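As annotated by TrEMBL, active site, proton acceptor applies to HIS162. Per TrEMBL, the feature substrate binding site maps to ASP120, GLY170, TYR324. Annotation comment: TrEMBL describes ASP197, HIS199, ASP285 as divalent metal cation binding site. Taken from TrEMBL, the feature compositional bias 'Acidic residues' applies to 415-430. The domain 'Histone deacetylase' annotation in TrEMBL covers 49-339. Taken from TrEMBL, the feature region 'Disordered' covers 1-26, 409-430.
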Amino acid sequence: MAIFGPASKQFLPPIDEPNTGINARPSQPKKVAYLYDANIGHYAYESGHCMKPHRIRMAHDLVMNYGVFNKLEIFRARPASKLEMTQFHTDEYIDFLSKVTPESAEKYTKERTKFNVLEDCPVFDGLFEYCGISVGGSMEGAARLNRGKCDIAINWAGGLHHAKKAEASGFCYVNDIVLGILELLRFHQRVLYIDIDVHHGDGVEEAFYTTDRVMTLSLHKYGEFFPGTGELRDIGVGSGRRYSINVPLRDGIDDASYKSVFEPIVSSIMEHYRPGAVVLQCGADSLSGDRLGCFNLSMKGHANCVNFVKSFGLPLLVLGGGGYTMRNVARTWAYETGQLVDHDMDDTLPFTDYYEYYAPEFALDVPASNMQNANTREYLEKIKTFIFENLRKTIPSAPSVQMQTIPRNSMGMDETLDEEEDRLDDEDSEANVDHRYTQRMVDRMVERDGELMAPERMSIMAA
């Protein structure tokens, strides 16, 4: 079935509101599923670690207090099982993650070294449960998109793009993105993955490097910067040749420069590749002032990417990712949630349980700084020219390799497709209270008192 009409009509870049950089093309209201598990904020990598899962709870707190939740359908996804994780990862690796604990870490020294579960990716209490929440949200979001239950699905606990098939990497243990894409591939011939994290999306690129069923686009800092991959000429191999796109950027890229690269490249991909669904990783470490980042994007510049991708009207899975200045991550993801449901948010922050962490401005905005932009216009034009030339050589045809995956809810031996659809509809009904929660129920699950120890509190205040 044809998904697109003539490219000249379907893929014109959206018109921008004057002097805002925000896409202004009128659109129909979207049905947006928001996957959130209050338990995500209970986990901590280890004292002093840069990755703070609590930032997701802080973002959720703003979503609630701004009233954005009124336009969302909020779900608590079932945590992913070991079987679901092994659709991509090896059995041995997932079995190890499910067994290792801080108390037994010394016993698994050999395995920890083998699987790179070391300093950057430490063993912590609840590690496997944390991974289950992240992966479960992304797989459930993809499954809901597949079944037409929503137009957009959001899982800020997802986006952990560095994890490999049998290796943890870059604070990431299980690659929820790959597993979410595999779920989308059950219903879509082609899936586009876009990554705006400051770090290269190496784990996702590697997983789909040899297939034309997934096109990966990563815009990232390149050169003496983790993970050290994502060179312009890394374009895929075999059937996947020209289906991996890398935009290697230099320090200090600002909103205007980023937009000048992002929008034309995404528009060209939409025209030539014609994906059936899109996965957007919204790593917030590309924001100005991030502890581990080196870009100079404002909150609105970052959100412009979300708005632009949304404007194409394709099934869209929106995920989190990096981001290590917690107050900026929370504000940006809350704002982008609002943008996805067309909800206006005042720049003055509402009073929340975390209000003091946004001092002294107490404002929603994350502005850019006066950081120097090392990305010249000539450099960016060369990148675009190379990418456009490769895209012209791609053909939006049937996929060369059929990929089979295990469904999010595996069918029984004698279950027909119609019966499966009926069962899935039943699971979405209000009677299924085990997997679906009202907003009030979700609120009551969030711990309000004593959730941060004093050292952690000081760390957030210093962010």
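Using the three backbone atoms N, Cα and C, a Cβ is placed for every residue, glycine included.
These numbers come from a predicted model, not from an experiment.
TrEMBL feature annotations superimposed on the structure.
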| residue | record | Cβ contacts under 8 Å, 6 or more apart |
| --- | --- | --- |
| ASP120 | substrate binding site | ALA168, SER169, GLY170, PHE171 |
| HIS162 | active site, proton acceptor | SER169, GLY170, PHE171, CYS172, ASN175, HIS199, GLY201, ASP202, GLY203, PRO227 |
| ASP197 | divalent metal cation binding site | GLY159, HIS161, SER218, HIS220, GLN281, CYS282, GLY283, ASP285, SER286, GLY321, GLY322 |
| TYR324 | substrate binding site | CYS50, MET51, LYS52, ASP285, ASP290, ARG291, LEU292, GLY293 |
Environment of ASP197, HIS199, ASP285, the listed divalent metal cation site - residues of the same chain whose CB lies within 8 A of the CB centroid: VAL198, HIS220, GLY283, SER286, LEU292, GLY293, GLY321, GLY322, GLY323
Env. residues of substrate site, Cβ within 8 Å of mean position of ASP120, GLY170, TYR324 Cβ: CYS50, MET51, HIS162, PHE171, CYS172, PHE226, LEU292, GLY322
Position of peak Cβ density within 10 Å, selected from the binding-site residues GLY170, ASP285: ASP285
Largest inter-residue Cα distance among ASP120, GLY170, TYR324 [record-listed substrate binders, Å]: 14
